[in-house]
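Enquirer: Below: one structure in structure tokens.
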Amino acid sequence: MAFYYEEPSRTFNEYLLVPGHTPASCIPTKVSLKTPLVRYRKGEEECPLSLNIPMVSAIMAAVSDDRMAVALATEGGLSFIYGNQTIEDQAAMVSRVKQHKAGFVVSDATLSPDMTLDQVLELKEATGHSTMPVTDDGEPHGKLLGVVTERDYRLSRMSLDAKVVDFMTPREKLIVAPAETSLKEANDIIWEHKLNSLPLVDAEDRLVYMTFRKDYDSHKDNPLEMLDAEKRYIVGAGINSRDYAERVPALVEAGADVLCIDSSEGFSDWQKMTIEWVREHYGNDVKIGAGNVVDREGFRFLAEAGADFVKVGIGGGSICITRETKGIGRGQATATIEVAKARDEYFEETGIYVPICSDGGIVYDHHISLALAMGSDFVMLGRYFARFDESPSSKVVVNGTYMKEYWGEGSARARNWGRYDLGGKKSLSFEEGVDSYVPYAGSLKDNIAVTLLKIRSTMCNCGALTIPEFRDKAKLTVVSSTSIVEGGAHDVLLKDKTPYVSKVR
Ligand code: IMP
């Protein structure tokens, strides 16, 4: 007879935290969000790889490329570069993150001289960059011909057909520096000449990097950035359970710091075989996470197979239709709570702590706090990051509002059928995800600052200065459907939803 769970499976929205005593010493600026990323002998050794904030970006083509990885590592988190691309392309992305020198930017908004003002504006919208170098071939390392900034065009006076070559600040008027210039020297030149940017060029006058006044400042302002021993950004990469024998060596060679098997359902022999292959060829030098699972048995299977961390969640993702198409899944809160218990039980038995990651279904910032309180060591988010300038997807206007495209890895658009691999030859597939729009939200930096402040504030309300302390002190309560209504604004007419108002004296 089938097994029945006694309790319904629940989502984050069905829980709230009841505050505890807040000592005067407990203020948001003192909260540490450091959290382990990979397995270790807790109490006997330091975790070999920790995150400085408990957030990683999803293994998705609409979310995690090299630009996202640099932006998130700067803030203390980590991206897993998506795996549904050729091995060469994925390794190149990893390599670009590892070679990225903070403050030295390989421009992703480079112009060619024959582009029009209209195209410049489009690129500015899409990338969020207002300073764009002009090169002979429009490539980031072409011969430098000039720079376009907002000061070079006046929209009220110029035609949108105007050519870049006719309004850019030309090369002869630019101050540039040689490619070998250090960041400190570049910054001195920027200040001395009151510049906003300084192109670095090689002996043939080809553009190598752009340096910006704000980047130098922000570098000093990012105490949480995730750097390796050689001061390069830390980056992860997604893999699958089919081509690992070729993909893993290329990613390791490119410098990936941690891998994760990307699958919608990870309680399988294929994941075990993938982990075993990595252990056989790299021992414990290569870190590899696995998943996704939603119960104790799934966690134990992967922990015993040697996974460095285990991802939790099936069917909760915003773009996910797995529950509708296959009837597989579990409420994200229930799954997180059960797997966290299994992790603690495994630790009690073995002395080995295997971090868990709640993946998918985070809608509001407070869901991150709930996931941490329920025992998640960190969370993975797709929709959240897809909304930012740094995500690889296109920014579009939908009904007069800026949106970003966001599609599931199981959608017909991604065609990442390997993520749903159940072995054998595949001739037929069906979708487990949708293609969608999400509201454009601006820069990652601005948004994540607010999100983290909310998490830190919630932790202080519960009297906690660290994530483990938060977990110990958290008091969680299930809310009734009526009190969910009470939790939002209610019984008032919202001004921003009330367009027509006439004044009465
Ligand atoms: P979100 O943060 O709620 O948008 O969820 C992101 C997570 O959804 C990812 O990290 C994946 O685990 C999962 N996911 C990505 N693409 C698909 C899909 O097409 N179908 C089902 N789940 C998906």
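Placement of Cβ uses the backbone N, Cα and C atoms for every residue, glycine included.
From TrEMBL, for reference:
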- 104-164: domain 'CBS' (DOMAIN)
- 168-226: domain 'CBS' (DOMAIN)
- ASP262, SER263, SER264, GLY313, ILE314, GLY315: NAD(+) binding site (BINDING)
- GLY315, GLY317, CYS320: K(+) binding site (BINDING)
Enquirer: Of all the binding-site residues given, GLY313, GLY315, GLY317, which has the fewest Cβ neighbours within 10 Å once its own Cβ is left out?
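Expert: GLY315, out of the binding-site residues GLY313, GLY315, GLY317, has the fewest neighbouring Cβ atoms within 10 Å.
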Enquirer: Mind giving me a neighbour count for SER263 (NAD(+) binding site)? Other Cβ atoms within 10 Å of its Cβ, every protein chain shown.
Expert: 26
Enquirer: In whole Å, could you give the widest CA to CA gap in the NAD(+) site formed by ASP262, SER263, SER264, GLY313, ILE314, GLY315?
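Expert: Output for NAD(+) binders ASP262, SER263, SER264, GLY313, ILE314, GLY315: max Cα distance 14 Å.
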Enquirer: So which other residues, same chain and not among GLY315, GLY317, CYS320, have a Cβ within 8 Å of the centroid of the Cβ atoms at the K(+) site?
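Expert: Going along the sequence, the neighbours come out as SER264, GLY313, ILE314, GLY316, SER318, ILE319, ILE321, THR322, ARG323, GLY329, GLY360, GLY361, GLY408, GLU432, GLY433.
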Enquirer: Mind giving me a neighbour count for CYS320 (K(+) binding site)? Other Cβ atoms within 10 Å of its Cβ, every protein chain shown.
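Expert: Its Cβ has 24 other Cβ atoms within 10 Å.
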Enquirer: Other than its own, how many Cβ atoms are within 10 Å of the Cβ belonging to SER264 (NAD(+) binding site)?
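Expert: Result for SER264 (NAD(+) binding site): 25 other Cβ atoms within 10 Å.
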Enquirer: Under 8 Å Cβ-Cβ from ILE314 (NAD(+) binding site), six or more apart in the same chain: what's there?
Expert: SER264, GLU265, ASN292, VAL293, VAL294, THR322, ARG323, ILE328, GLY329, ARG330, ALA335
Enquirer: What count of other C-beta atoms do you get within 10 angstroms of the C-beta of ASP262 (NAD(+) binding site), across all chains shown?
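Expert: ASP262 (NAD(+) binding site) is surrounded by 27 other Cβ atoms within 10 Å.
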